[in-house]
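Annotation source Swiss-Prot lists NAD(+) binding site at 3, 4, 5, 6, 7, 8, 9, 10, 11, 12, 13, 14.
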C-alpha cells in the first residue's frame, strides 16, 4: 500500500505519518518546508519521543518526501492508495488544487483503483470540507469520475503534539504523548476497508468527533485561556491551579451532559474519559504553551467550534453552562502579539464592545441571556 501525507510538521510526523509507516505502508510526505524535505530525503527516517509514564524513543523509517507545490506531488496522487493530511484547517483549501490536478492525471492514466482521502485535522468533518475545495478546483467533466473512484473519509484525531524543543536542533525530531486516537468513518471509504493499527473504524463518527471536540478541545482551550489570564506559561501549570481546574472540569462536565443526552454515552465512562484528559493536561513531559493552545480565538469562538458548539447544546437541552460561559469570557480576553486573530479580536471588542463582538464572532443573538452571561463574566475578569 502506498500513501501520501500532506503536512510533515510535528503532527504529521509524530502521529499520522508514524501510524502509516509503522503499518508498513510506503509513505511519502508532502510539505513546503525545504529543510524538513531535505532531511527526510537524506535520512528516510526520524525519531519520535513518546513521553508519559513509560518514555520511549521510536524510529520511523522508510519514508520519503516531495514538495507539496511541485509536479512530483501531482504524479504521486495518480498512483497512491491513500492520501492523508495534517496541515491545519486553513491550509486545506491551499492543497486542494494540487489534489485536483493529481486526480485529473489519475483519471487520464486510467487508474480506476479506489483512492481514499482522509483529512486528519482539528475540525469537524474536515475531509468533507476538503472535498468541497477539491470539487471547486475540478472541471465539471471530471467530477463524476472522482465521485465514483475517490472516497473522502471524515475522521476524528486526538494526540497532543507540542512544538519541538529539541536540544539537538534536529528538524525531524518530535515529541508526542502516549495517548492517541484516530477514528474514521467507515461508511465513506471506496473499496475494501484498510486495516491499519491505530486507525479505528466507526459508523457513528459524529458521536466521537463531538466527544473529542467537547472534551479534549473544549478543556484544552479553556485551560489555555484561563491560564493566560492567571499568568501561567504551560497547560500543566494552568491545570494544576485548583481554581482553573475546577472551571475546566466543570466545563467538560457541562459539555459531557450534552453528549450523554445526544448520543447516549455512558455517564460513568464519560466521567472516566474526562479524568483521563485532565491527566493528559498534567503530563510533565509535555511543555505545551498556553499561548500556542489559545491561538486563533476567532475560530475557537465560532459557532461550530469547541466553545460555542457545546454551549449551544446546553441551550438546546436546557442544561447548565456556567463554566462554559467562564471559558468563553476568558477566550475574549486572549491577547497575543504573535497571533493575528488575537489582535483582530481585541480590535473588534474595542470597536463594538464585548456584547456585539461576541454576537458577531459566535453567531449568538446579541440580546440573548447567554450573551449577557458571557459579557458579565468577561467584565468580571477584567
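Heads up, residue numbers simply count up from 1 along the chain you see.
Just so you know, glycine gets a Cβ as well, placed from its N, Cα and C.
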Here are some binding-site residues: 7, 9. Which one has the most Cβ atoms within 10 Å of its Cβ? 7
Please list, in sequence order, the residues in the chain of residue 13 (NAD(+) binding site) that are at least six apart in sequence and whose C-beta is under 8 Å away from its C-beta. 29, 46, 48, 60, 172, 174
If you run the three-state DSSP split on residue 7 (NAD(+) binding site), which class comes out? coil
What is the number of other Cβ atoms found within 10 Å of the Cβ of residue 5 (NAD(+) binding site)? 28
For residue 3 (NAD(+) binding site), just count the other CB atoms lying within 10 A of its CB, please. 24
